[in-house]
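So that you can see what the record holds, here are the features copied from TrEMBL:
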type	residues	note
BINDING	GLY165, ARG166, SER167, ILE231	NADP(+) binding site
DOMAIN	6-120	domain 'Tetrahydrofolate dehydrogenase/cyclohydrolase catalytic'
DOMAIN	139-280	domain 'Tetrahydrofolate dehydrogenase/cyclohydrolase NAD(P)-binding'
Amino acid sequence: MTARILDGNAISALLREELAVRAAALKARGITPCLAVILVGEDPASAVYVRNKVAGCEKTGLRSIKDVYPAAVDPAVVLARIAELNADPTVHGILVQLPLPKQFDADVVLEAIAPEKDVDGFHAENVGALMQGNPRFIPCTPYGVIKMLERGKVVLKGAEAVIVGRSNIVGKPMAMLLLAKSCTVTVCHSQSKDLAFHTRRADILVAAVGRARMITGDMIKPGATVIDVGINRTPEGKLCGDVDFESAKEVAGLITPVPGGVGPMTITMLLTNTLESAERTLK
Ligand SMILES: Nc1nc2c(c(=O)[nH]1)N[C@@H](CN(C=O)c1ccc(C(=O)N[C@@H](CCC(=O)O)C(=O)O)cc1)CN2
């Protein structure tokens with residue numbers, strides 16, 4: 001039997017309807033939720049993500065500010081702009097699209113964003129709050145994964161969750177969130193020995209390594225939930241995930257596609273965090 005598909009576009013559409021209602025309610029109280037997005041350089045994938053973020057704001061009733069800088073910009077210019085946005089009371093969320101060009105220290109940039117406007121949840125203060133089980137903003141991709149698991153009615157309590165990838169953006173926060181949901185969590189990475197030994201034990205497998213189709217059907221426990229966070233391009237230019245969808249869907253019970261899985265959820269959770277930030281100004 002082939003796996004049931006967890007459709008990120010469909011789940012996103014439902015969540016965004018709820019967000020539009022919340023945005024309208026805020027506007028009625030005189031507050032227009034606003035997200036500021038900073039893009040540095042000409043990376044085509046980043047340009048697409050930023051365009052989708054701005055379009056998502058527009059469709060949901062949020063205001064957006066988009067600042068684009070050339071790849072060679074002096075980091076001081078970007079830091080000065082972040083300081084301005086931090087001080088602007090009409091701006092509720094600020095993000096800097098990653099990756100940044102080489103002359104930037106990404107940590108310095110992320111730490112410059114006011115923690116209460118850090119809707120990506122990447123500031124050290126917000127990372128610490130997440131680790132302590134008291135998150136201010138949950139990083140958007142792992143947040144989207146949790147929402148998809150909830151919509152798919154996946155049992156989390158006591159489940160064996162295996163995450164492949166240990167990035168600050170996905171792997172580490174994903175581990176914290178699944179731990180908070182009472183999963184038993186294993187994080188695998190490039191130095192892990194016998195990766196398939198770990199992945200075959202997973203009731204929930206999250207692939208976030210950035211290597212096209214590296215998780216194949218024989219590495220998956222029959223009936224498992226498989227979440228594909230990867231966004232890769234094949235040599236032919238086709239978008240594909242870290243999971244080999246064709247072989248995996250014959251073994252898994254539930255699976256996310258690429259495109260149309262976790263990606264759209266990332267943007268939906270960014271809108272959620274921005275709205276939440278704007279709502280907090282009323283409290
Ligand atoms: N500041 C941040 N930078 C980056 C983040 C992030 O959360 N914050 N995550 C990724 C990129 N990303 C969001 O920024 C992102 C990636 C993919 C998608 C998406 O919708 N993907 C589509 C396919 C889109 C395409 O055609 O290429 C899909 O999977 O269906 C949204 C957001 C790194 N940087």
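Quick reminder: no glycine exception, Cβ is built from N, Cα and C everywhere.
This view paints the features noted in TrEMBL onto the structure.
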residue: GLY165; record: NADP(+) binding site; contacts (Cβ under 8 Å, 6+ apart): GLY171, VAL187, CYS188, HIS189, VAL206, ALA207, ALA208, VAL209, GLY210, VAL229, ASP242
residue: ARG166; record: NADP(+) binding site; contacts (Cβ under 8 Å, 6+ apart): LYS172, VAL187, HIS189
residue: SER167; record: NADP(+) binding site; contacts (Cβ under 8 Å, 6+ apart): ALA208
residue: ILE231; record: NADP(+) binding site; contacts (Cβ under 8 Å, 6+ apart): ALA45, LEU239, GLY241, VAL258, PRO259, GLY263
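Take GLY165, ARG166, SER167, ILE231, the residues named in the record as contacts for NADP(+): the widest Cα to Cα gap among them comes to 16 Å. Candidate binding-site residues: ARG166, SER167, ILE231. Those with a Cβ under 6 Å from ligand 1, in sequence order, are ILE231. Counting residues per DSSP class in helix, strand and coil order gives 61 helix, 18 strand, 36 coil for the domain 'Tetrahydrofolate dehydrogenase/cyclohydrolase catalytic' (6-120).
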